[in-house]
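K.L.:
Submitted below is the structure of interest, expressed as structure tokens.
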């Protein structure tokens, strides 16, 4: 039915010259589709009836089989009408149908060109079959099948007439294309010309000649079996193509957009003078390929017509029945011509078969090469698969090893975390101990301040003792002087002075007790400080001062003894010895750093304690090698439990610290003296 509304002058269609007959054809096609929905009213005017979009929605539902949602069946204003048309255009765009210069506003305003373009786009895309076309094809097939050939001459005449008409139409198409190219200078319109395709020409010719042949029984419609066998498909194809090939510019635009042809991509309806961007060489190549395909099809058609002309049947029918070389009642010349034609036909068929055989052999070689290549590729892939399996195995082994390492590291991490927790606990304990020590340090500082006051008091008492000692020394000197004068008066006889000795001992007894009291006070003061307190140095200085005073007394007594050597042992010397014996064993030069009157029979001892940075020195009245640990303990006079280390020379290791445990063990010496370290065993 669309073929009717597209038949007209092509130039008028391109120039938008729509006549009343074409409009009626559009209306008739739309109404023919709307008949499938009896409830829908037929269309009278395309401008008014399709502008609301409802008829278009029904048309899409009929031709496409899809119902549009959201369509207002009774639009009351322009906005609802525009919404319906926009939904129709969205559906068309979803089907990849390109609608150039078509908008919902144009259709709502009644633009006839846009409405016709949309109708043709739907017809070109969905291709609904016309009932009349189907009925015509059915009637033509029935008539053709019922028509049987009469003789070979009639067949030949029909074929000759058909070929002549085809050649005439081809020449017409060439002239029409040339004239149209000169007028419009456009190539894509040439492709859309109704006389472009040879198949279309033959089909058009057969379609045009079929109706008069039915009435006049013309010989142009060949009643041969090949025509009856192929006409069915040819007629159907021609009728389907007739609906869409011969269409105006709107149909051209939609169909070429659907197929994706580059020749009509830039074409716009209403502008026939627009040129394409593609070059003429590409266009000519496409035309040449198209013509080659059409010529191949025409050649096959002519070959079939020739076989039908010579044999009166299809080539496959010839294989089923024997071929008669001589037919009775036929002119020998005609028979010879027919035989030669058959021979030529057989040779051509032989050549075609040879070509097909060579083609099959080439394809077989190609397939064999592809097979070999695939086999080689398969071998390579097998090798690659084996390598991948080996790599996978190695990767799994590495993974297991890494897992084991991870487990080991996790175990070590747990152990470290446990140790860290213990260290944190120890650190907390050390912090608490540090706080306790700080508290003790504050207490010791407080005691130190108290001790400083006690030290001042002791220094004051010491000064008093020094003054008292000086007075007593002066009194002793006076007594010695008086004694000497008295002895000279006695003419050298020494009288018993037991009473004086007793008096001297009586005077020195309190002096010895006072000295012991001072030493006890210093010892208690030293114990009140920590091991590294700087106040120990002050206490050591005080103790050294007291030792110096005692040393001076000892020097004075020594001088007195030397003066009395010539007189023998007098009661005064005996009293002095008794006074010396009344001192404690460790009072002999205690904690002195200098000893000006040390003889060879004494051993100098230098020792360090953990409570003082200053070393102490004492003299022991024994030779080096004879001094024992008991003598050393008696000399330093330290209370409590201690450990004693002495500097010694080892033949194997050199200079070492040797610890002595037993009191009877001899103490090693170092360069003529003894160097010792005294450590408090309770602190360790």
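Using the three backbone atoms N, Cα and C, a Cβ is placed for every residue, glycine included.
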K.L.:
For the feature region 'Disordered' as recorded in Swiss-Prot, pick the matching range from 522-559, 560-597, 598-635.
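P.N.:
Comparing 522-559, 560-597, 598-635 with Swiss-Prot, region 'Disordered' matches 560-597.
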K.L.:
May I ask you to indicate which of 207-235, 323-351, 352-380 is given in Swiss-Prot as region 'Disordered'?
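P.N.:
Checked against Swiss-Prot: region 'Disordered' maps to 207-235.
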K.L.:
Of the ranges 245-276, 277-308, which one does Swiss-Prot flag as coiled coil?
P.N.:
277-308
K.L.:
For the domain 'DIX' (602-682), jot down how many residues DSSP puts in helix, in strand and in coil.
P.N.:
8 helix, 39 strand, 34 coil
